[in-house]
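Structure record follows, encoded as structure tokens.
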Amino acid sequence: MAEPGEQRKFVLGRCCIFHWRGKASIIIPLITLPILIYGFQTDMAEFKCLWLIVTMALLWITETLPIYVTALFPLVFCPLLGLVNASIVCKQYFTDTIVVFLGGLIVALGIEYSNLHTRIALRVIRIVGGSPRRLFVGLMSVSTFMGLWISNSAGTAMMCPIVKALVNELDTNKIFPVYMTQEEEPVEEGEPPHPSKITVAFYAGIAYASSIGGLGTLIGTGTNLVFRGIYTERFPTSTVEITFANFMFYSIPLMVIVNVTLVIIAFLITHMGLFRPNSKTGKIIAEANTNRKLMEDVLRQRHIDLGPMSCHEIQMAIAFAFMIVLLITRKPGFVPGWSDLINRKVVGSASGLSFIVLLIFALPTQYTFFKYCCGKGPFTAQAIDAILSWEYVLRNIPWGLLFLLGGGFALAVASRETGLNIMISKAMQVLIGLPNIVVQSITFVLANFFSAFNANVVVANIVLPILCEMSLALELHPLILTLPACLGISMVYFLPVSTPPNAIVTQYAHIKTKYFACCGIVPTIIGISVALVNTNTWGLIIFPESKSFPDWAKEIKNQTKI
């Protein structure tokens, strides 16, 4: 029988293990309390704001509280500590940027609800071909395209069942080994088998492609919208407006097309035996190519099983195309956009997206009632569904992300109003004199590193406001630092926790972390290199003003007395 002292230690140990969040939620604010006390003693709002940011950062990193709940802290503490009025803080939780994000998610759900994504994927894969390498290229291409227009997590979630269906067909027809053997990776009884090297490439490929596609447009990922919101809030007099069009022109040529091409080539070499015909993987692929006709027949049959394109799918495809046109032509930059021609009031991207959202909730999936109206068919007693169901949206929208974005914008406003940004800028002046490429590399690698262990949007909310102030202190155009860092935050390929697509595929396909981390080494190096080249070459063409420190930035710097 255990001694009473030993039993107490055992109970205490179990309590610490299973109830650590409750203790940490008290300990973390106590650890940061000296910052707040100093703020009250010196009556410096900067340190009160610093306490709030540090406390929220620690709670976000440790996930002591749900990250979405932590994002609500500014609603309580900004007014309570006298940092910002409650009315101003509340407005940050439903800005134009957040409405754009919400609209993009709803349109993505409309595509999923109509099953349009499956038809697009199968069509593209059939065009590309049925060999394993061609299948991989097709899956990567579809994932990249979807990542451009819908959130990368939604795109990955849509692609996973498609990949699983293909993998099951490959396994059934014995085209190549899709799972590891017991000798290669032992599995406990009842556990699912681990995917083979080639199968890992399929799943990791769609995750990386979705993340890369998300770099291409403002609605592709939450970090892009965080960047736009923070940049607009901090630099309201900037002559460079971050529009859907110029962000797209900046990112797609190099950050998306070149980046994904290099990543595809890297995967084909490392995981599919390209240029290595005598390797084990190369021999497996060569043997699988002999069954290419069988795989093409399977794909064709799956495509035929979908049947002809329904009225539901056609309408959703038209709405999707119309959304793209509205977003690009709102303010393209080189010619007046439709928002300039309508009236003198500012019409943001949220207006165009909201119109599409209203449209897909209003239009029916089919128009059989016209037959009755024309006397050519019986009366349909049943109600006809809309293109998108509100109940489906309620179940599938990640509402917490809206709070996360709003919390970041509220912190940015608090930093500006209290002067914390000035204090941070002065601390960054040690970097004055370093070449731009060196400063960019430092900020990019740090942003990438922190994103490896935390949610992308959380890191963006913490890092981007600091880089805005750093750019003023170093007298660099803010886009030179903030834009590549924004992209770097999304290009984290090492760990499952780094991005939502990574987490989705590792859980869905039961991929071990060590295999997933190995996949991410080369794509990360490619991403960092392409981002730095893009910023200092193509980026200077799209944003020519970023070559020098602009007058409006000088005025902001003088006003803040950096």
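Positions of Cβ are set from backbone N, Cα and C atoms, glycine also.
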Given ranges 457-477, 478-498, the stretch to which Swiss-Prot attaches the annotation transmembrane segment: 478-498
Whether the transmembrane segment (393-413) meets the transmembrane segment (64-84): three or more C-beta pairs under 8 angstroms: yes
Proximity verdict for the transmembrane segment (308-328) and the transmembrane segment (515-535), three or more C-beta pairs under 8 Å: no
Contact check, the transmembrane segment (430-450) vs the transmembrane segment (350-370), 3+ Cβ pairs under 8 Å, seq sep 6+: no
Chain residues in Cβ proximity to the transmembrane segment (93-113) (below 8 Å; excluding those fewer than six residues from its ends, i.e. six or more beyond): 75, 149-151, 154-155, 158, 218-219, 222, 225-226, 228-229, 232, 316, 319-320, 323, 348-350, 353-354, 356-357, 360, 387-389, 392-393, 396-398, 401-403, 405-407, 409-410
Ranked first among 24-44, 64-84, 135-155, 200-220, 350-370 for CB pairs under 8 angstroms with the transmembrane segment (515-535): 200-220
Cβ-Cβ under 8 Å with the transmembrane segment (249-269): same-chain residues at least 6 beyond its ends: 133, 136-137, 140, 144, 148, 201, 204-205, 208-209, 212-213, 215-217, 275-276, 483, 487, 519, 522-523, 526-527, 530-531, 533-534, 537-539, 542-543
Stretch of maximal Cβ-Cβ contact with the transmembrane segment (478-498) [cut-off: under 8 Å; candidates 24-44, 64-84, 135-155, 200-220, 350-370]: 200-220
